[in-house]
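Below: the structure, in structure tokens.
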Amino acid sequence: MQSERQKYIRNFSIVAHIDHGKSTLADRLIEATGTLTEREMDTQVLDNMDLEKERGITIKSQAVRLIYKRDTGEEYTLNLIDTPGHVDFNYEVSRSLAACEGAILVVDATQGIQAQTLANCYLALDNDLEIVPVINKIDLPSARPEEVKQEIEDVIGIEAEGAPLVSAKTGLNIKDALEAIVNKVPAPDGDEKAPLKALIFDSYYDSYKGVVCHIRVKEGTIKEGTEIKLMNTGKVYEVVEVGVFVPNYMPVDELKAGDVGYVTASIKNVRDARVGDTITEAKRSANEALSGYRPAVPMVFSGIYPVDGAKYEELKEALEKLQVNDAALSFEPETSIALGFGFRCGFLGLLHMDIIQERLEREFNLDIITTAPSVIYKITKTDGTLIELTNPTNMPSPSEIKLMEEPIVKSSIITPSDYVGAVMDLAQNRRGIFKDMQYLDTTRVSLNYEIPLNEIIYDFFDALKSRTRGYASFDYELIGYKDADLVKLDILLNADIVDALSMIVPRERAYAKGRNMAQKLKEIIPRQMFEIPIQAAVGAKIIARETIKAMRKDVLAKCYGGDISRKRKLLEKQKEGKKRMRQVGSVEVPQEAFMAVLKTEE
């Protein structure tokens, strides 16, 4: 049922490929509805983190309430929920979409549809949202709005004839976009008197208020003093404040079915208010939670160690602080013979890992070493037990392994047709299995591959961009596990295994990879007073070796002429000394060596 009040509410989000102008459009909508004064307008209002502004990407979901007055005098409340566009934050997108009834699909008039446009669009369709296409950047000379409209109809299959043509940069036709939202996005429904049901679509920690949950009320009413229960954890809290975003907090008396806002209830830890969870009343609970909750599952693991061992506690505190705001980050302590004490951290993907590392270095001033990222392998041992392996050093010996499986992703790559050969070549080099290809228009092709996740976590994206001059776009999702013939590649320095450099590789590539790494390390590790052999080994078998020559003092400098036996005695003595040194000496491995492992080119 729909109340009179709900008829004037529209909840929508904006989805787009990276750089198609999503955050800029959000700025224009905020400006056009007069939500912020000129003085408060800051470019990309909703991207709060410096990192977000610098990289030009949206990382956390944000929300803002706009009041739009139509020419007829009616006032509409538009709740805009800004979502991240990057594939790593896919699950943030899906929860933000679950809080809406409609989505604006922003498509760049010069580039047309890209891989993430499709991925996010399908996510929106999965959530039964009404999709409103908006074509952006029409002020650019290379814009081709008519062709892009046709493309939207052909590829996605949604009506794009009346799509507003806007320029978010100059503010052209923004009113058309607002009208389209009011006309096309359905109004919310939901009984205001029913038991409370509210979806948490984002939560983060505020040092004064505790955890602030961004919520969309689906049914019922929530106000200060209500006793609430989180359906997933079963914990009960009392509401301290409810309010709306204009983009800053503005407390209100109550939020009713259909509203989007925030609630604080002195919750101490973001883990207790997990994104996707349902809030209900403690006394009058809803029968079942809202669907679509799934905990964030890390896909990529990496070890993070402080460069200075004494900073271990600081690193732990920093990770805990980041985790308060980022429920997708997981970490547990681990030790490495080479690097000392540190943490094994789990991330959603590479961008997520990159951002966490950068935030540790920036916001907490920590010097850290990160090890090569790895994925979760499933191993069935000969005695029938199943283990999940996230750290290559813990891999059981080959005689104990009956079966080893690795995660496989379904990836779609959209590329200009000139580069199809180069892209196919890259995918095959990365053990990709070709599934199908379709032409989106005369110039662009969508290729679908199944590729092992471990092949794309290093530098697949960079390689793809360089082979297509930056034109290809890429999107992936995990589809399951497949058996694989994998071995553990160890690196030995001076006959000692350096555990932090171990990695899991396909058997047929072990030799090439080992040789490559040995050469790379030879260039990076500085010469010492004694000779250092660098060896790559699979099991007990050495497959590659390089030697770093020792630095030598010229012990013959003081012999002018003289007998050969005198010289030989001095050289033998030097050799003995070097030999003794080598037995007790340890090798310092610079941070670059750990990074080099990741960047070995095939």
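Just so it is clear, glycine is given a Cβ too, placed from its N, Cα and C backbone atoms.
Note on the domain 'tr-type G' (7-189): its mean pLDDT in the predicted model is 75. Annotation comment: Swiss-Prot describes 7-189 as domain 'tr-type G'.
Sequence annotations record features per position, and here Swiss-Prot assigns GTP binding site to ASP19, HIS20, GLY21, LYS22, SER23, THR24, ASN136, LYS137, ILE138, ASP139. ASP19 (GTP binding site) is surrounded by 15 other CB atoms, counting those within 10 A of its CB over all protein chains shown.
For the binding-site residues listed here (GLY21, SER23, ASN136, ILE138), the lowest count of other CB atoms within 10 A around the CB belongs to ILE138. In the three-state DSSP classification, ILE138 (GTP binding site) falls within coil.
When secondary structure is read from DSSP and collapsed to three states, SER23 (GTP binding site) falls in the helix class.
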